[in-house]
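The structure appears below as structure tokens.
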Ligand code: 0CH
Ligand code: SF4
């Protein structure tokens, strides 16, 4: 419940001041915008229910909003009836998933981010060239399952850490290349790539960085504000890789940082001794949740907001033709 105080500082206002540094860019990226629009357009075009395989993006608010419009979220295709349309999430799927959808003659729309699809195509090309792929990513993440599932078993090996590099069984005579998940820590990945290149000088790098523009821009933005803050709050889900990386980036700057899904999770005691608070949001977190946090903070403090912009983003991805025709 909102405290009965005016929203601006006044002589009688008992709330202490809080300087709020809001990182930009933050929140939705072009791939998330596109994925959510795909579900909304599929609902308009085909009517409810539209099935979605896996959370379209890793955010409960987004998922619940789409559920309210008639989307049904499932983890596997065998939960989708034969006569219903199904959307694949932004994180991408192994080749076996569209293959199964085609076998069952399901109507499917692929909301895989084009930047994830680009990594999928690179994986195919590297295999065609006879290279074994070392894939840098986090085990069990849907994007990792999707990308590793682009190539035959045994031709791609997951590398999670610098320590993993030491245990790889390959030699300097092997044809090797590497690729990465799109939402990794820029700094950690650099260290892993350096370890790979030191052990395997012949290893072929991807043509362009696989970590996407949105991931690196959000990390650079939180880095810019973190050192000047007493606490950083990152809005995102615990299963959101890119959001978790933002917390780590802030912590590595020596600043206390916490992941929150909603404003209601903020405990007043977190703000004790905090004069400057940093705020950002993962690529799957709506701006509405940022405003909700600002409102919540204003219950306890007289908040002065400052947006710190490190770069402007203009990326927009086209929708699949089946939804625009
Ligand atoms: O960061 P991850 O990949 O866990 O996913 P998200 O939180 O749903 O953000 C959108 C990225 C989707 C694919 O790159
Ligand atoms: Fe695409 Fe990057 Fe957004 Fe993932 S985080 S959906 S790869 S733009």
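Cβ atoms are placed via backbone N, Cα and C, with glycine included.
Pulled from TrEMBL:
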- 143: active site, proton donor (ACT_SITE)
- 29, 113, 212: [4Fe-4S] cluster binding site (BINDING)
- 58, 91, 141, 240, 241, 242, 284: dimethylallyl diphosphate binding site (BINDING)
- 58, 91, 141, 240, 241, 242, 284: isopentenyl diphosphate binding site (BINDING)
- 58, 91, 141, 182, 240, 241, 242, 284: (2E)-4-hydroxy-3-methylbut-2-enyl diphosphate binding site (BINDING)
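This view paints the features noted in TrEMBL onto the structure.
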residue : record                                                     : Cβ neighbours (10 Å)
29      : [4Fe-4S] cluster binding site                              : 29
58      : dimethylallyl diphosphate binding site                     : 28
91      : dimethylallyl diphosphate binding site                     : 28
113     : [4Fe-4S] cluster binding site                              : 26
182     : (2E)-4-hydroxy-3-methylbut-2-enyl diphosphate binding site : 28
212     : [4Fe-4S] cluster binding site                              : 25
240     : dimethylallyl diphosphate binding site                     : 25
241     : dimethylallyl diphosphate binding site                     : 25
242     : dimethylallyl diphosphate binding site                     : 26
284     : dimethylallyl diphosphate binding site                     : 32
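Cα proximity to residue 242 (dimethylallyl diphosphate binding site) (within 10 Å) is found for none of the recorded positions 29, 113, 143.
Between the alpha carbons (Cα) of residue 58 (dimethylallyl diphosphate binding site) and residue 143 (active site, proton donor) lies a span of roughly 12 Å. Ligand 2 lies under 6 Å from the Cβ of the following binding-site residues, listed in sequence order from 91, 212, 241: 212. Proximity to residue 284 (dimethylallyl diphosphate binding site), judged by a C-alpha distance within 10 Å, picks out none of the recorded positions 113, 143, 182, 212. For residue 113 ([4Fe-4S] cluster binding site), the spatially nearest entry among the recorded positions 141, 143, 240 is 143, judged by CA separation.
In this record, isopentenyl diphosphate is bound by 58, 91, 141, 240, 241, 242, 284; the longest C-alpha to C-alpha distance in that set is 15 Å. Cα-Cα distances to residue 91 (dimethylallyl diphosphate binding site) place 143 within 10 Å, out of the recorded positions 29, 143, 212.
In this structure, the CA atom of residue 141 (dimethylallyl diphosphate binding site) is 11 Å away from the CA atom of residue 182 ((2E)-4-hydroxy-3-methylbut-2-enyl diphosphate binding site). When the recorded positions 141, 143 are compared by the number of other C-beta atoms lying within 10 angstroms of their own C-beta, 141 comes out lowest. Neighbours of the [4Fe-4S] cluster site: apart from 29, 113, 212, residues of the same chain with C-beta atoms within 8 angstroms of the site's C-beta centroid are 30, 31, 32, 90, 115, 116, 182, 183, 213, 214, 215, 283, 315.
The binding-site residues listed here (29, 182, 212, 240) include 182 as those with a Cα within 10 A of the Cα of the residue listed as 'active site, proton donor'. Reported as a whole number, the C-alpha separation between residue 182 ((2E)-4-hydroxy-3-methylbut-2-enyl diphosphate binding site) and residue 212 ([4Fe-4S] cluster binding site) equals 5 Å.
Under the three-state DSSP scheme, residue 113 ([4Fe-4S] cluster binding site) falls in the coil class.
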